[in-house]
Amino acid sequence: MCISKEDEEDPSRNRRNQSPLSLPQTLKHFQKDLLAGAVMGGVVHTIVAPIERAKLLLQTQESNIAIVGDEGHAGKRRFKGMFDFIFRTVREEGVLSLWRGNGSSVLRYYPSVALNFSLKDLYRSILRNSSSQENHIFSGALANFMAGSAAGCTALIVVYPLDIAHTRLAADIGKPEARQFRGIHHFLSTIHKKDGVRGIYRGLPASLHGVIIHRGLYFGGFDTVKEIFSEDTKPELALWKRWGLAQAVTTSAGLASYPLDTVRRRIMMQSGMEHPMYRSTLDCWKKIYRSEGLASFYRGALSNMFRSTGSAAILVFYDEVKRFLNWGGI
């Protein structure tokens, strides 16, 4: 099968009327997908980093020793919300502290977003090619969801040490001399000495549960609604329509998976602790519900909705970056 020049230049073209790409052709586009995802991921995530840090602190403050305190530590007043976090952090630690943990986040996000996008397209092509014309089990929305989930799980396993480092550094509050970790290397080396490799990968099973839901809806939902709303006569949706659909899909995916994300962040906070608060993922669910109530699973969700604008931008402009790479012959 050959690909027309028009199809090559339009990565968002409706696939309903196209034959599936062969595996060699899919692999040929893998590197371009990787580059497009990396470009969008690092730039957008740096812009929304302060909101991301607010969200993480609100999620984890009930298991954050620096806030709740322990023997020898008095603790600090809890944050009431995103704006309370921003005002207090700027006043107590300076403006640049809003970006604390962003270095590890960008290091994580470049490969994570790049792998998510490229593998999502690769897995979807494999799933659709595995279905015959008479058997479309892995076509349409199901293939999109499964491809998004599989890509998310693969990428998470690869970058998980950076993911947990980002969470712990972002949740590490106070003046430089009072912080628990000095940076990525110090965090990883400290946790490895205390807990070994297990400590660096603490919370991975819980994280995979959330990624299956979030990435399946995030990638699969967006690809599906693009196909539904596209017209045969005009397969490419207008930019503003794609933005609206991306924002709706991103917000929905974030809310649906948010309790799972809260649990995984709480478990991440236990690496290096002598007396962990939670014995398992299930124990974490039970204790949060019993001691803090159902609302605690959604603490920081408003900040996450603001942050989702950045995630929506990645979905929308990913196609634009790919088109630019095609135009430039990269």
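Just so you know, glycine gets a Cβ as well, placed from its N, Cα and C.
For the recorded site, ARG108 (ADP binding site), the DSSP three-state label reads helix. Look at Swiss-Prot and you will find ARG108, LYS120, ARG264 tagged as ADP binding site, backed by similarity to another entry.
Residues or ranges marked as compositional bias 'Acidic residues' by Swiss-Prot: 1-10.
Taken from Swiss-Prot, the feature region 'Disordered' covers 1-22.
Look at Swiss-Prot and you will find 28-126 tagged as repeat 'Solcar 1'.
According to Swiss-Prot, the repeat 'Solcar 2' annotation covers 139-228.
Feature annotation from Swiss-Prot assigns repeat 'Solcar 3' to 241-324.
Across the residues of the motif 'Substrate recognition' (264-269), the predicted structure has a mean pLDDT of 94. Swiss-Prot lists 264-269 with the feature motif 'Substrate recognition'.
Taken from Swiss-Prot, the feature transmembrane segment applies to 27-61 (among others).
Under the heading transmembrane segment, Swiss-Prot lists 103-127 (among others).
Annotation source Swiss-Prot lists transmembrane segment at 137-171 (among others), citing similarity to another entry.
If you look up Swiss-Prot, you'll see 203-230 (among others) marked as transmembrane segment. If you look at the transmembrane segment (203-230), the same-chain residues 6 or more away from its ends with a CB under 8 A from one of its CBs are 12, 14-16, 116-117, 120, 124, 140-141, 144-149, 151-153, 156-157, 160, 163-164, 236-237, 241-242, 245-246, 248-250, 252-254, 256-257, 260-261, 263-265, 267-268, 270-271, 281, 284, 311, 315.
Feature annotation from Swiss-Prot assigns transmembrane segment to 236-270 (among others); the stated evidence is similarity to another entry.
What Swiss-Prot records for 300-325 (among others) is transmembrane segment.
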Protein Cβ atoms within 10 Å of ARG264 (ADP binding site), excluding its own = 26
Number of other Cβ atoms within 10 Å of the Cβ of ARG108 (ADP binding site) across all protein chains = 27
Where else in the chain does the motif 'Substrate recognition' (264-269) make close Cβ contacts, counting only residues six or more beyond its ends and a cut-off under 8 Å?
-> 56, 59-60, 62-64, 164, 167-168, 171, 202-203, 206-207, 209-210, 277-278, 281, 284, 288
Grab the same-chain neighbours of the transmembrane segment (236-270) for me: Cβ-Cβ under 8 Å, and only residues 6 or more beyond its ends, written as numbers and ranges.
-> 10, 12-14, 56, 59-60, 62-64, 164, 167-168, 171, 202-203, 206-207, 209-210, 213-215, 217-218, 221-222, 225-226, 229-230, 276-278, 281, 284-285, 288, 296-301, 304-305, 308-309, 311-313, 315-316, 319
Determine the Cβ neighbour count for LYS120 (ADP binding site): the number of other Cβ atoms within 10 Å of its Cβ.
-> 27
